Amino acid sequence: LQWLMGAPAGLKMNRALDQVLGRFFLYHIHLWISYIHLMSPFVEHILWHVGLSACLGLTVALSLLSDIIALLTFHIYCFYVYGARLYCLKIHGLSSLWRLFRGKKWNVLRQRVDSCSYDLDQLFIGTLLFTILLFLLPTTALYYLVFTLLRLLVVAVQGLIHLLVDLINSLPLYSLGLRLCRPYRLAGSEPWRPEATGLCSSALGFSGLGSLNCRPGAKHGKVRGTRSQQGGHHPLA
């Protein structure tokens, strides 16, 4: 903020507005420091509980870390909102005054731009306001740009933490660890045995029971018999 209140990167800023915005944001920083001092007796307990929450898993600890970052950077979020609102107000004001120069106005009921006739006094006041807003716009835009970059940095850090949490939740780490350490606890952990698929048939000509198809099982080798003919005995060849 001290850098912005001077001549950042050699830019010519509006000194009065620059000082007002700088002091406004510095006052909020002093309020934030006072809030931190009030919370300092509880910091040790908060850190202890955060460390204790790591027993619930790494994802819980990372989620709490993201929440702590959001709380510690709440003043940056406020600065971003203030800068964005001020910048949007100036952009809307400039767009309205630009329509005034062209003899247009925004029709609220029909949600469109209609033609309108303005008096000389209205055009004169609109010209003054447009000039003032146009020369004050670079100062406001610079503050908005700086606070937007800071906000994007915080959002990027939180996004990386959330991406890491999603990655940990999607990986089967518990199953892999259990497979390596205690595979007998997993379902279906018996040794795999291939099942024989061939058919063996034998003709019992003397008994007259037809042909028997035996299919060996995976473990016990059960024999299943089927009659190839429904009736009569086979004559001996």
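Cβ atoms here come from the backbone N, Cα and C positions, even for glycine.
Ranges compared are 50-73, 98-121, and TrEMBL records transmembrane segment for 50-73. Ranges compared are 1-19, 20-38, and TrEMBL records transmembrane segment for 20-38. Sequence-distant contacts of the transmembrane segment (20-38) (same chain, at least 6 residues past either end, Cβ-Cβ under 8 Å): 1-2, 4-5, 74-75, 78-79, 82, 139-140, 143. Within the same chain, residues 154, 157-158, 161-162, 164-165, 168-169 sit at least 6 positions outside the transmembrane segment (50-73) and bring their C-beta atoms closer than 8 Å to a C-beta of that stretch. The list of residues near the transmembrane segment (122-146) in space but at least 6 beyond its ends in sequence, with Cβ under 8 angstroms from a Cβ of it, reads 4, 8, 11, 13-14, 17-18, 21, 25, 83-84, 86-87, 90, 93-94, 97-98, 100-101.
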